[in-house]
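S.K.: Have a look at this one before I ask anything.
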Amino acid sequence: MWRAGSMSAELGVGCALRAVNERVQQAVALRPRDLPAIQPRLVAVSKTKPADMVIEAYGHGQRTFGENYVQELLEKASNPKILSLGPEIKWHFIGHLQKQNVNKLMAVPNLFVLETVDSVKLAGKVNSSWQKKGSPERLKVMVQINTSGEESKHGLPPSETIAIVEHINAKCPNLEFVGLMTIGSFGHDLSQGPNPDFQLLLSLREELCKKLNIPADQVELSMGMSVDFQHAIEVGSTNVRIGSMIFGERDYSKKPAPDKCAADVKAPLEVAQEH
């Protein structure tokens, strides 16, 4: 049986990247013409992988990378070799962010997008912390939506989407809202039709743009991982998060301690549902 990580293991990072990018373009060609013409961004998720693999992918043209844990991201982004050999690198944080880890995340070199804002309080904390950093640029943020309604997943209920975006735009001058993010239902059978989670995120963007008078091409959709990224792109994703197909299977015995406290019961999902 084909496995997501086998491509990288057999071909190496460079060949795996080329193969993934080819599949991205194949999916783009199948998108409906009425969708915003945004070239999908490939976020190479390097969690549990060494800095040398990030540098190798960078050497093959990859510039955007993602991490799930604040400590691991801070260590990699601060790595002298990555800083020296990857000056154009852009980091996306794609994991659950607890408020006590916000200041640490804001210290990450070359932090480009925070994809997982899931509350007004978190948005306020990030806004204040980024202001204290004194960056001349606003921090790009996405709002994470729990489109499936599963208790094991983080994210806002769909009904709260417009309210939090209004809050960010009106009350968080140091943040730039750039899109919506979701994790699709694991194991969705495409023979039954498109993933309803992806369709819901599309409809939320349409509603958001209509009510707040925002052009659709200014609201990205981050959805799709190694197992479903082509389908996600076909229905409108502009940002896919892919790890094992590029870097190979993960060894969780070497994974840094996750950014969680005893009360954070949702973190194990990341092991079951792979990027």
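Positions of Cβ are set from backbone N, Cα and C atoms, glycine also.
Owing to the predicted nature of the structure, the values given are computational and were not obtained by experimental measurement.
As listed in Swiss-Prot for this protein:
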type	residues	note
MOD_RES	Ser6	phosphoserine
MOD_RES	Lys47	N6-(pyridoxal phosphate)lysine
MOD_RES	Tyr69	phosphotyrosine
MOD_RES	Lys125	N6-succinyllysine
MOD_RES	Ser226	phosphoserine
MOD_RES	Ser244	phosphoserine
S.K.: In terms of Cα spacing, which of the modified residues Tyr69, Lys125, Ser226 are within 10 angstroms of Ser244 (phosphoserine)?
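M.R.: So the list is Ser226.
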S.K.: Please report the distance from the Cα of Ser226 (phosphoserine) to the Cα of Lys125 (N6-succinyllysine), rounded to the nearest angstrom.
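M.R.: Their Cα atoms are separated by 31 Å.
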S.K.: Do you know which of the modified residues Ser226, Ser244 has the most other C-beta atoms within 10 angstroms of its C-beta?
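M.R.: Its Cβ has the most other Cβ atoms within 10 Å: Ser244.
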S.K.: Based on DSSP, name the secondary structure state of Ser226 (phosphoserine): helix, strand or coil.
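M.R.: Coil, per DSSP.
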S.K.: Given the modified residues Lys47, Lys125, and counting only Cβ atoms in the protein chains shown, which has the most within 10 Å of its Cβ?
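M.R.: Answer returned by the neighbour count: Lys47.
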S.K.: Taking just the CA atoms, what is the gap between the residue listed as 'N6-succinyllysine' and the residue listed as 'phosphotyrosine' in Å?
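M.R.: Just about 18 Å between their Cα atoms.
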S.K.: According to DSSP, folded down to helix, strand and coil, what is the residue listed as 'N6-succinyllysine'?
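M.R.: The residue in question, the residue listed as 'N6-succinyllysine', is helix (DSSP, three-state).
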S.K.: State the count of C-beta atoms found within 10 angstroms of the C-beta of Tyr69 (phosphotyrosine), not counting that atom itself.
M.R.: 24
S.K.: What whole-number Å value do you get for the CA-CA distance of Tyr69 (phosphotyrosine) and Lys47 (N6-(pyridoxal phosphate)lysine)?
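M.R.: Cα-Cα, rounded: 8 Å.
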